[in-house]
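> There's a structure below that I have some questions on.
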């Protein structure tokens, strides 16, 4: 009998296995990773699928984190407006502080005082009432005293003044003040002639006669005078000096004797 043939196992995979490594030593790996590691991962995946675990999901891939969103663009228009308004407000506040400081310095340096005015005498040189038309024609001579109590402030009285005498809302006469300069601590007496005519109503004439019988006729003396104030060597801008004197006289229509002023109250103010 022929010699029994012996069968020796042969490793089939060993014949096909490459004798040299796929990646030479000392070289860099490719971008796809190590081929041997990838092959082992594939074999493990197939073995698990054969053991009944079913198909497994592919290994997770590393995903780069998303880039952070860009911030929204800044609105520059509103910021510019706010900065502009802040600059304007700061400028106004600084100017107001400077003006207030300058005014305070002038006040303490010159110590201004308001001038004083009094009506010393009021005489009626003529007063005629037309009974048919109730028109009154009057002429007055008024003595006014103006006092400047300031030691370093002078007053220039300019042309264009307006003086008037009123009974209720009716102007009986008008006149003007002469232009002159009033120096420091000066008192000036002025004689002013005033005249005019006005048409009165019957009720006004009746009220005027009743007031004269009682010996108390109310009159109002008004004066609007343009003046310039002198501070030291500086002459300021022109302003209007307003004077109002509330008078009470004993009579108005009787010229047999001088009129007496029973009460006088004068007020002074400036109109810019």
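Every residue, even glycine, has its Cβ placed from backbone N, Cα and C.
Just so you know, TrEMBL annotations are computer predictions that nobody has curated.
Given the structure is predicted, the values throughout are model-derived calculations rather than measurements.
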> Name the residue range among 30-56, 57-83, 84-110 that TrEMBL annotates as transmembrane segment.
84-110
> What is the average pLDDT across the domain 'Late embryogenesis abundant protein LEA-2 subgroup' (144-245)?
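A mean pLDDT of 92 is what the model gives the domain 'Late embryogenesis abundant protein LEA-2 subgroup' (144-245).
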